[in-house]
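Okay, structure first, notes after.
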Amino acid sequence: MSIRKTNPFISMANSYVMDAPEPSNMSYFWNFGSLLGVCLVMQLCTGMFLAMHYCSNLDLAFISVQHMMTEVNYGWLLRYAHSNGAGFFFMFVYLHMARGIYYGSYRKPRMALWNMGVMMFLLMMMTAFMGYCLVYGQMSHWGATVMTNLVTAMPYLGQAMAEFIWGGSSVSNPTIQRFFSLHYLLPFVIAGICCLHLLALHSHGSNNPLGMTANIDRMPMHPFFLFKDTVTIFAFLFVYFFLISYYPEYLGDPENNIPGNPLVTPAAIVPEFYLLPFYAILRAISSKMMGVLAMLFAILILFVLPFVDFSIIRGNAFKFLSKILFGFFCVNFILLGLIGAMHIEVPYIIIGQLATIFYFSYFMILLPLISILENMLFYLAIKR
C-alpha cells in the first residue's frame, strides 16, 4: 500500500488533499478556499520577514518602514506583497462568504463551519486594522485615534478602556508596541481556527451548487479539483505580482506616506477599502455608542444567519425571489463601501443610512419573510 495511506502524518494530509471525496458538480466558486489558504501562508511569511526589520517605537516606526523600502534587499517587495496581499485576502473572504450565503453553506450540518469562518473574519479585521496602524503614517495615526476613541462610547468603563489600550492619554508609544505584539500573534490564532475550519469541513464534506447531499456522486480531490484550484491560484498570482510590480500603491492611501502628525488632521480619515462597508455603517448613525454597536452587530449578525433562514431548500439555485434579494444585498454592500469613502455630507449621509437599514433588514426581516413565502409557494406547487 502507498506510503501516503499508511504513514500516520502523511495519511492525514492525503485525506484532505488527495483522496477527499468532493461533489462532482462543484464550480469555480468553490476555489476561494484554496486561494485564501495561499493568501494566509503568504501573509504569514512576508509578515515574519518584515517583523525582522520593523521597530515598534513611535519615533522609529515610520523610519523603519522607509528603511525596509530603501535599504533592505527586496524590502519594497516584501512590504508591497504584505500590504496588497491583505487587500486580496479580504476580497477573497468577501467572495467566499457571498458564495456561502448564496448556496446556503451556513445551514445544518455546517453551522460550526460557518461560525468558525465568521470568527476568523472578525479576527482578520482586528489584525488588519492594527497592521495598518503600525506604519504610523498620517492616515495610520488618525485611523488609530478615531477607531480606539470609539471605545469611549462604552458607558462607565469607556474612558478607562481607551486609556488601557493607548497606554496613556492618547495614541502613543505603548499603543504601537501593543498593536505590533497583537498583530504578530493574531495571524497564528487565525491559522489555528483555520485548521478547525478544515476539520469541520472534513466531517460533513463540501456543499455543492444544487444544495443537495451528493454522497452518491463524488470524485477524489486529486487530480480533478486540485488542478482546478491550481488554475485559479496561478491566475491570482499573475494579477498579484503585476499589481505589486507596477501599481503597488494603487490600493493604499498616498497620505500614509507622510509621517504621523497629531497636530495636523487629514482632510478625510478613511480606512482601507476592505473595511469601508462597516465604516459606512458606523458613520450612518449620529449617536457614537449606537454607531459602534451597529458596526459590531453588522459582523456578529452573521452568526444568526442559520437561524433566520426558514427555507426547506438549501441555497438559492432554485429560488427566484431569493436570487433577486441576494442581488440587491450584494449591490447594497458595494454601495456601503463606496459611501464609506465619501465625505460626510448630503446626499451621502442619507444614502448611507438607507443602505445600513437595508443591510440589517436583509438578515432580520427580508430573508425570513422571503424564505417563508417560498416555502408556501413550494407546498402549493406540490399540491397541484
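One-based numbering along the chain as shown.
A Cβ is built for glycine as well, from the same backbone N, Cα and C atoms used for every other residue.
Residues or ranges marked as heme b b562 binding site by Swiss-Prot on the basis of sequence analysis: H82, H183. Cβ contacts within 10 Å of H183 (heme b b562 binding site), excluding its own Cβ and spanning all protein chains shown: 22.
The annotation heme b b566 binding site is assigned in Swiss-Prot to H96, H197 on the grounds of sequence analysis. If you take the C-beta of H96 (heme b b566 binding site) and look for same-chain residues 6 or more apart in sequence within under 8 angstroms, you find F32, G33, L36, G117.
The annotation ubiquinone binding site is assigned in Swiss-Prot to H202. Within 10 Å of the C-beta of H202 (ubiquinone binding site) we count 14 further C-beta atoms, all protein chains included.
Taken from Swiss-Prot, the feature transmembrane segment covers 32-52 (among others).
Residues or ranges marked as transmembrane segment in Swiss-Prot (evidence: similarity to another entry): 76-98 (among others).
The annotation transmembrane segment is assigned in Swiss-Prot to 113-133 (among others).
Residues or ranges marked as transmembrane segment by Swiss-Prot: 179-199 (among others). Counting only same-chain residues 6+ beyond the ends of the transmembrane segment (179-199), those with a CB under 8 A from a CB of the stretch are 16, 37, 40, 43-44, 47, 51, 54, 56, 113, 116-117, 119-120, 123-124, 126-127, 130-131, 133-134, 144.
What Swiss-Prot lists as transmembrane segment is 225-245 (among others), and the listing cites similarity to another entry. Long-range contacts of the transmembrane segment (225-245) within the same chain, counting only residues at least 6 positions beyond its ends with a Cβ under 8 Å from a Cβ of the stretch, are 17-18, 22, 26, 28, 30-31, 34-35, 38, 77, 80-81, 84-85, 88, 219, 251.
Per Swiss-Prot, the feature transmembrane segment maps to 289-309 (among others); the stated evidence is similarity to another entry. Here the transmembrane segment (289-309) has Cβ contacts under 8 Å with residues 97, 101, 104, 106-108, 111, 114-115, 118, 121-122, 125, 150, 153-155, 277-279, 281-283, 356, 359-360, 363-364, 367-368, 371 of the same chain, all six or more residues outside its ends.
What Swiss-Prot records for 321-341 (among others) is transmembrane segment, and it gives similarity to another entry as the kind of evidence.
Counting same-chain residues at least six beyond the ends of the transmembrane segment (348-368), those with a Cβ under 8 angstroms from any Cβ of the stretch are 280-281, 283-285, 294, 297-298, 301, 304-305, 308-310, 325, 328-329, 332-333, 335-336, 339-340, 342. As annotated by Swiss-Prot, transmembrane segment applies to 348-368 (among others).
Listed in sequence order, the residues of the same chain lying 6 or more apart from H82 (heme b b562 binding site) and placing their CB within less than 8 Å of its CB are Q43, T46, G47, L50. The two recorded residues, H202 (ubiquinone binding site) and H183 (heme b b562 binding site), have Cα atoms 29 Å apart. In the three-state DSSP reading, H183 (heme b b562 binding site) counts as helix. Secondary structure at H82 (heme b b562 binding site), taken from DSSP and collapsed to helix, strand or coil, is helix. Its own atom aside, the Cβ of H197 (heme b b566 binding site) has 21 Cβ atoms within 10 angstroms in the protein chains shown.
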